[in-house]
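According to TrEMBL, the features are:
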type     : residues : note
DOMAIN   : 1-89     : domain 'CS'
COILED   : 410-444  : coiled coil
REGION   : 452-493  : region 'Disordered'
REGION   : 521-544  : region 'Disordered'
REGION   : 562-584  : region 'Disordered'
COMPBIAS : 573-584  : compositional bias 'Basic and acidic residues'
Amino acid sequence: MLTPAFNLSQDPDFLTVAIRVPYARVSEFDVYFEGTDFKFYAKPYFLRLTLPGRIVENGSEQGSYDADKGIFTIRLPKETPGKHFEGLNMLTALLAPRKSRTAKPLVEEIGASEVSEEVVDDDDDDDEEFDWEIEQTPYEEVSESALNPQCQYGFGNLRSGVVQRLQDELSDVIDIKDPDFTPAAERRQKRLAAELAKFDPDHYLADFFEDEAVEQILKYNPWWTDPYSKMMALLEKSQDQEDHAVLVSFSEEEKYQLRKFVNKSYLLDKEARSQVYYGLIDILLAYCYETRVTEGERNVESAWNIRKLSSTLCWFETWSNVHEIMVSFGRRVLCYPLFRHFKLVMKAYKDTIKILQLGKSAILKCLLDIHKIFQENDPAYILNDLYISDYCVWIQKAKSKKLAALAEALKEVSLTKAQLGLELEELEAAALLVQEEETALKAAHSVSGEQTLCSSSEASDSEESDSTTSSATSDSDSDSDSEQDELKESQCETVESLLGPFLEESSALLIDDAGVCRNTATRRSDVSQEKPLASSRAPGVSGPLIEELGEQLKTTVQISEPKGATAVNHSNMQERESPHAPSN
């Protein structure tokens, strides 16, 4: 028999059941309903539901069949008109519980005799066969660890010995080694040490100062934003929360997932129930971070992100209060994923509160998404068997009031950077101090460069002024020498004829009246264009031309001496020239 796809809805007076039965024999179908029981049969489909409210047969019930879509629609009157049926979208919980056999009975009689056990085995051959299969794969050390409650894990701490059998598959999924023999306190110590070893200050500071990508991620609105806004708008109008479940709807794929789960009950003591609720917060925090960072687009790293950020999934961690869950999540966000920023921790914290306030439907939708992500990842699917599948079934029967109280408890928690134990505030202060010093150093270099530029500009202006003065003096000398042009031209021609090849390839140093030396490459063809050396002398000065040429040659040779000697040579030259002055 096949379980058909179905959907339930309601109005104040009727409960409507829509059942999709393609290729069914519609000529032979049967419907039965009474109280909270509902049964439907149309070969090869069979559906049995346990309804959350009572219905009654009073003649107002209706039924119809859409042949094109293959859907039966049945409207059933409520026993109490106006009563709201809660949890109609919890499809797994609506299916009738299946009986399951286990090798270990749920209730055992302490001190039972071996005879009684043999009687039980004889009465039930199936149990005997199942026990025989267990004996083929004995795990004595696992049975010993199972007796120690500190070494249990999984949903409600109901599992043990799984990792021992699946060590090779789980080595890439969880960080804890040998959880079957590692007590909870030791797991926490190892987890804290691993986080401290993994924390990278450079990565954290890089995201702290260059947070453009993080700011963009913080602006993203995940799928629960709109339902939460609508819920808050409804709360402003009315305090009634009965209709809030309709704000979150399930896709056909999600409904198919729900129908595949096996409905079962969980016998949890008070401590186990607390662990289930605490673990739910831890898993939702990791899911909210992953959804925001990927902006709802899953990738190959999604399964890694969720299980790595959740200590419940990665280290089989157990909790005693909500605050330590937040501390653990904050540390792991700053140690492992690509984006490591404290703002992302607080954003995931606020998102988780919204999901819890939206109720069971929103939580179940998140768990179904996680289940799908893990199912598509080869090693991570084992976490579905350990945690997520049980969560998907359990949450459908959880009390809405307890979930609301859990959201309030999470809202009261405050988290600071100092509580994470990673010295974040000290790192940020040191980095800011270094940044200020670098800024001050750059400013000092900038001022020094401006001063150098100003002094260079002043020196350039001074040189330009000296050049202008020198030019004016040269013009004055040129005017005063206008009367001696013929004598100078004749002297230049005589110098050219005597020096000859020497002036073709050598450099002559011309010394002006201010004592400044000029190195000028002179050729025979250019000699007539250069100002003669004798032009620096006072007008009317004459002397033997041979002596004058000799003095000029000496001056040319002496220019290879240091600068300090240039002024001395120049003064000596003037002393040697001075005896010729009285000849005028």
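Cβ from N, Cα, C; glycine included.
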Handout entry: Remote residues contacting the coiled coil (410-444) - C-beta distance under 8 A, at least 6 residues beyond either end
Key = 192, 196, 199, 201, 204-205, 208-209, 281, 322-323, 326-327, 330-331, 334, 342, 345-346, 349, 352-353, 356
Exercise for the section: Can you check how the pLDDT averages out over the domain 'CS' (1-89)? Expected result: 89
Problem - the domain 'CS' (1-89): DSSP-derived helix, strand, coil residue counts - result: 0 helix, 52 strand, 37 coil
